[in-house]
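Database features, via TrEMBL:
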- 70: active site, nucleophile (ACT_SITE)
- 103, 155, 156: glutathione binding site (BINDING)
- 180-307: domain 'GST C-terminal' (DOMAIN)
- 203: active site, proton donor/acceptor (ACT_SITE)
- 264: site 'Lowers pKa of active site Cys' (SITE)
- 307: site 'Lowers pKa of active site Cys' (SITE)
């Protein structure tokens, strides 16, 4: 019953970013029935390794605007690290605290930076510099072209596909393919299942304003986690047979799981079980975390403070829970699995 086959198009159009500034906040994406309905991303161009392309892959040309707290931006940071693109693609980090005025640059805050490309004070200025009439959501991640001074994409699912393959001419790990042709149907199927039930499922639970949509989202979430726990009991990674291999599907699941016990379990009321109650999912999370470069993309302070202090409708006093303590460096032993 687990994963229905889908197209790449349906995978990517459903996966728009979460981080919205207060003027167009998540509350405006809640239906009359109290159900959170995510809006689609607006910038959907593609970078190519074809030199004649409108957006040709070049070292130093492209830039990522991210927030460490956002799981969708986190995907891009992880793939950038895994593919050895840290020198080829520059990064700026917005403030974790989303207040009136939206995402802003706070270089004096630990882990945050200035806007080194445009010198703007807010991410909204990046969007409106490209399109002065832009009125949709201001989201992260943003993949920006410094040469053309425009936004290439703000759709995380498509950005990570570009980072995986378009920059092989300038990356440090051209040998690593996280979206191999022979497994794309399976990767797309897993991604659709995980997106609908887990990645977006925690938000559908946390942002619900009525009991029925909350109950539905939480039930689907934990049914999916049960299925994934079983799937990972016999294989190290989500995709591949007879031997599984690391793919974009693992990255996309990881960015939700790493936030689960710190944030979603309590803040989004996804509290039927904790991640640590799932031996295989918890070991899988540690496995991905311990891959070279990945731990440096995980900023616990930004993650916890963003959710607890930005979502005042959910947590009006902005109290940040002191726990739980998670040992992410504990051996995972998953290298023994196929």
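Yeah, the Cβs are placed from backbone N, Cα and C, and that goes for glycine too.
The model shown is predicted, which means the values in this text are computed figures rather than measured ones.
For the recorded positions shown (203, 264, 307), fewest C-beta neighbours within 10 angstroms: 203. The two recorded residues residue 155 (glutathione binding site) and residue 70 (active site, nucleophile) have their Cα atoms spaced 13 Å from each other. Recorded residues residue 156 (glutathione binding site) and residue 307 (site 'Lowers pKa of active site Cys') have their alpha carbons 19 Å apart, per Cα-Cα distance. For the binding site of glutathione, formed by 103, 155, 156 according to the record, the largest Cα to Cα distance is 17 Å, rounded to a whole number. Within 10 Å of residue 70 (active site, nucleophile), counting C-alpha to C-alpha distances, fall the following of the recorded positions 103, 264, 307: 307. If you take the CA of residue 307 (site 'Lowers pKa of active site Cys') and look 10 A around it, the recorded positions you hit from 103, 203, 264 are 264.
Geometry remark: residue 203 (active site, proton donor/acceptor) versus residue 264 (site 'Lowers pKa of active site Cys'), CA distance 8 Å. Note: the Cα of residue 103 (glutathione binding site) and the Cα of residue 264 (site 'Lowers pKa of active site Cys') are spaced 21 Å from each other. Just so you know, the Cβ of residue 156 (glutathione binding site) picks up 31 other Cβ atoms within 10 Å once every protein chain is counted.
There are 26 other Cβ atoms within 10 Å of the Cβ belonging to residue 155 (glutathione binding site).
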